[in-house]
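Chemist: Not my notes, these are from TrEMBL:
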type    : residues                               : note
BINDING : 124, 125, 126, 127, 128, 147, 175, 189 : S-adenosyl-L-methionine binding site
BINDING : 189, 190, 191, 192                     : substrate binding site
DOMAIN  : 18-79                                  : domain 'Release factor glutamine methyltransferase N-terminal'
DOMAIN  : 101-197                                : domain 'Methyltransferase small'
Ligand SMILES: C[S@@+](CC[C@H](N)C(=O)[O-])C[C@H]1O[C@@H](n2cnc3c(N)ncnc32)[C@H](O)[C@@H]1O
């Protein structure tokens, strides 16, 4: 079979298998996996659809297509995901970075704009996507990522190394526990899906680490813990920013207000859903 025939078969198979899979793009994914199998850019496929696939490459391609047909995230199959225009390694030990998390990075950068170089912390860093995005934009800052997963920290360190981000460090421990000294900004995209939420059994979530997705209960426990403990690590005028579920904006605002944060507000995504809530550590 040639490249074009393989692609056509994969598009049809993926289209059928991923019919109910949120966010799946069968045509595009067939091409991404082909580019991976042939180790070429996608543009090569458009230029050479008539090229015969070497049998070993054809088999490798079909194996990848079949993994995707079973619902495995494409990022785990290719081993990479783009975030903030940077390429990150991802493995099943880490959450696949989501495009919507770029709103957290964007909001943090807005709050930091014009400030002198300082220290930033990313709690629950996973692949290190947020920490590396911030470190790449704020080269003068020191960015610390924390996680309870040693496997995740290893991936985060590898990503920072690949990206040449020497202004990062990744430390083990629960939320704020490994932090030392004070920070001008603390960000977190913690696990926040409530126990029993049907999203946990759909799409990519089925393959991702449970501890990255849900803290159990109503999903709010990490916001309570971090909001309480981060105050002691933020410098005066420092910001705490959370990503949260689109139905959790009010609850997270209440948590930050109850902990004495000031100028508490929520940012919405392009579909006007609450996604990021932040508060300032004032004088008191
Ligand atoms: C939703 S994922 C976010 C990963 C990454 N920051 C991102 O946005 O793609 C949550 C992360 O929090 C970590 N985590 C869960 N409980 C934690 C805890 N008590 N302390 C630190 N990290 C924790 C998980 O291992 C996971 O990497």
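Along the chain as shown, residues are numbered 1 onward.
Just so it is clear, glycine is given a Cβ too, placed from its N, Cα and C backbone atoms.
Nobody curates TrEMBL annotations by hand; they come from automatic prediction.
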Chemist: In this structure, which of the binding-site residues 125, 189 has the fewest other Cβ atoms within 10 Å of its Cβ?
Modeler: 189
Chemist: Taking the domain 'Methyltransferase small' (101-197) alone, what is its mean pLDDT?
Modeler: 97
Chemist: Taking DSSP as the reference, which of helix, strand or coil describes residue 147 (S-adenosyl-L-methionine binding site)?
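Modeler: DSSP call for residue 147 (S-adenosyl-L-methionine binding site): strand.
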Chemist: Among the binding-site residues listed here, 126, 191, whose Cβ has the fewest other Cβ atoms inside 10 Å?
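Modeler: Across 126, 191, these binding-site residues, the one with fewest Cβ atoms within 10 Å is 191.
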Chemist: Going by Cα-Cα distance, which of the binding-site residues (190, 191, 192) sits nearest to residue 125 (S-adenosyl-L-methionine binding site)?
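Modeler: Spatially nearest to residue 125 (S-adenosyl-L-methionine binding site) by Cα position is 190.
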Chemist: Please go through the binding-site residues 125, 126, 128, 189 one by one and keep those whose C-beta falls under 6 A from any atom of ligand 1; give the result in sequence order.
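Modeler: If the test is a Cβ under 6 Å from any atom of ligand 1, the answer is 125, 126, 189.
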Chemist: In whole Å, how far does the CA atom of residue 127 (S-adenosyl-L-methionine binding site) lie from that of residue 190 (substrate binding site)?
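Modeler: With distance taken Cα to Cα, residue 190 (substrate binding site) is 13 Å from residue 127 (S-adenosyl-L-methionine binding site).
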Chemist: Residue counts in helix (H, G, I), strand (E, B) and coil for the domain 'Release factor glutamine methyltransferase N-terminal' (18-79), per DSSP?
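Modeler: Tallied per class, the domain 'Release factor glutamine methyltransferase N-terminal' (18-79) gives 39 helix, 1 strand, 22 coil.
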Chemist: Rounded to the nearest Å, what's the C-alpha distance separating residue 128 (S-adenosyl-L-methionine binding site) and residue 190 (substrate binding site)? Just drop the number here, would you?
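Modeler: That separation, Cα to Cα, works out to 13 Å.
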